[in-house]
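K.L.:
Found this in TrEMBL, in case it helps:
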{"type": "BINDING", "residues": "ASN16", "note": "substrate binding site"}
{"type": "BINDING", "residues": "CYS38, HIS69", "note": "Mn(2+) binding site"}
Amino acid sequence: MSKELCPNAWVINFTNPAGMVTEAVYRHTGFKRFIGVCNIPIGMKMFIRDVLMLKDSDDLSIDLFGLNHMVFIKDVLVNGKSLFAELLDGVASGQLKSIWR
């Protein structure tokens, strides 16, 4: 780490397992300005776009909360209209499927 060269710098870890790497650095290096993140929200958005068979021109917005691998969706908006209930029903019933499976 660059504690000596840049003691006030922040390091952002974008590798997996994000939580374990972040905890190890925090506990064992003495470097406390370290943040670990993952790309689960990006993957979720790609999955939802695929499942709903959206066009590139469709505006997809996801209202979510959480961090890293513990992310929860509150709403899914397509062109300003909530489709969250339809998404849940369609995936649960098997009517909406993804090429990711």
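Using the three backbone atoms N, Cα and C, a Cβ is placed for every residue, glycine included.
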K.L.:
Whole-number Å distance between the CA of HIS69 (Mn(2+) binding site) and the CA of ASN16 (substrate binding site)?
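P.N.:
The Cα atom of HIS69 (Mn(2+) binding site) is 10 Å away from the Cα atom of ASN16 (substrate binding site).
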K.L.:
Between the Cα atoms of ASN16 (substrate binding site) and CYS38 (Mn(2+) binding site), find the distance and write it as a whole number of Å.
P.N.:
7
K.L.:
How many other Cβ atoms are found within 10 Å of the Cβ atom of CYS38 (Mn(2+) binding site), counting all protein chains shown?
P.N.:
19
K.L.:
Among all protein chains shown, how many Cβ atoms are found within 10 Å of the Cβ of ASN16 (substrate binding site), not counting that one?
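P.N.:
By my count, 13.
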K.L.:
Taking 10 A as the limit, how many CB atoms besides its own sit near the CB of HIS69 (Mn(2+) binding site)?
P.N.:
11
